Amino acid sequence: MLLAAAAASAGQTAILAFLPTLVDPARGALSSSAHDFHVASLTAVHPLAALLAAPLWGWIADRVDYRAMLRAALVILALVTAPIGLVGLPELYALRLVAGMAAAAIIPLGLLCASFAANGRADQARRFTWLTAFVFLGDLAGPLVAEVSAAILPRAPLMILALGIGAVGAALCAVRLPRWCAPCIDGGDLPAPTLGATLILLFVTIVAGGGLAAMHVNLLVTRSVISLSREEIAWMLSLCGLGMLAAQIFHARLDWLVTMPRRLAGLTLGLLAAALFLFPVAASMAELSGIIVAAGWSSATLRLVTSFWISGAAAPSGLKLGLQHSAASIGQALAPLAIAVVAPGAQHLVLWGIGGLSLALLVSLPLAWRPRAIVKSSA
């Protein structure tokens, strides 16, 4: 299950560094504005598909055997990843759309599987942390695997990754996965958040995903200060994945996710805001690297906090996890689209706008979300 989560995320990040070349193979056939528009749009298509599909897959998984859906999604993801580089621009949009729909099933259903296998909230938190860690391990490994694959098969740079995803899907068919909750989670003193708290946690998810996606697209489009090669873009994306993975390993060794989630979310929102404000003014590769790692750490932490607490203390719900994944996809889709439509010199305003939203959430989070664990600790 851990490898399935890594495969789903690797399929998304692996292609990003290749998008500028895939959009304009002739290098000059498109104008700069048209090139940047297609790069940003292709980045947005994947999360846009996930935004629409994730709640549907979660709702279906609550009613049928989720295991068949999970295995089928991995096979489909492998099939639509393999032809990348061999098709034209319209077909590339279609492949990205189907890949987003497949990934929208794999990650939420993986979390649902972890919830079914957990024995209590503490065990659920540990399983969520490690599963999310492998999601970000895929973010780290995807660009690196793609570079190796491109060196071997230049015309089909993701073929080796596609074979790996297919192998994971085949292996998952031989693994026993829990069918139902065993036993259903006992929330104890960690109740599910209220409706208002759930809404603000979903908004935190949107901002965290949007901030990181905006940075990724800014790496791909033309930068006035630093111009990056494809290999440097892949390195930056892997650095981001490294920061995300490091955050999960850090939280796996501590219990802050359970004992102080609101404070953890607040501190991380502040870190994300700082990274977003500093990113457009980075003047060196060292500065850019540090900002990317900080953004990856903060986005990963916020996603872990929101997915765990939105899931609630009642019986695991595929629909709830699908909605949380959909919320993450909203930000990942809207931020690239915003960059696609703004003037080339105004792209930094998108980053600063998301940074401002992060600060607003930092202020409003204590008013809307009061987990019982925090209330007790402050009494």
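Cβ atoms here come from the backbone N, Cα and C positions, even for glycine.
Feature annotations, reproduced from TrEMBL:
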- 41-61: transmembrane segment (TRANSMEM)
- 68-87: transmembrane segment (TRANSMEM)
- 93-118: transmembrane segment (TRANSMEM)
- 130-152: transmembrane segment (TRANSMEM)
- 158-177: transmembrane segment (TRANSMEM)
- 198-221: transmembrane segment (TRANSMEM)
- 233-252: transmembrane segment (TRANSMEM)
- 264-282: transmembrane segment (TRANSMEM)
- 349-369: transmembrane segment (TRANSMEM)
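Here the transmembrane segment (68-87) lies next to the transmembrane segment (158-177) in space: the count of CB pairs under 8 Å, restricted to residues six or more apart, reaches at least 3. Highlighted: of the candidate stretches 130-152, 233-252, 349-369, 349-369 has the greatest count of Cβ pairs under 8 Å to the transmembrane segment (198-221).
Between the transmembrane segment (264-282) and the transmembrane segment (349-369) there are at least 3 Cβ pairs closer than 8 Å, counting only pairs 6 or more residues apart in sequence, which means the two stretches are in contact. Listed stretches 130-152, 158-177, 233-252, 349-369 were compared with the transmembrane segment (93-118); the greatest number of C-beta pairs under 8 angstroms is found for 130-152.
Here the listed stretches are 130-152, 158-177, 349-369, and the one with the most C-beta pairs under 8 angstroms to the transmembrane segment (233-252) is 130-152.
Tertiary proximity for the transmembrane segment (158-177) is limited to same-chain residues at least six positions away from its ends with a CB under 8 Å from its CB atoms, namely 1, 3-4, 7, 10-11, 14-15, 18, 67, 70-71, 74-75, 77-79, 81-82, 84-85, 113, 142, 145-146, 148-149, 152.
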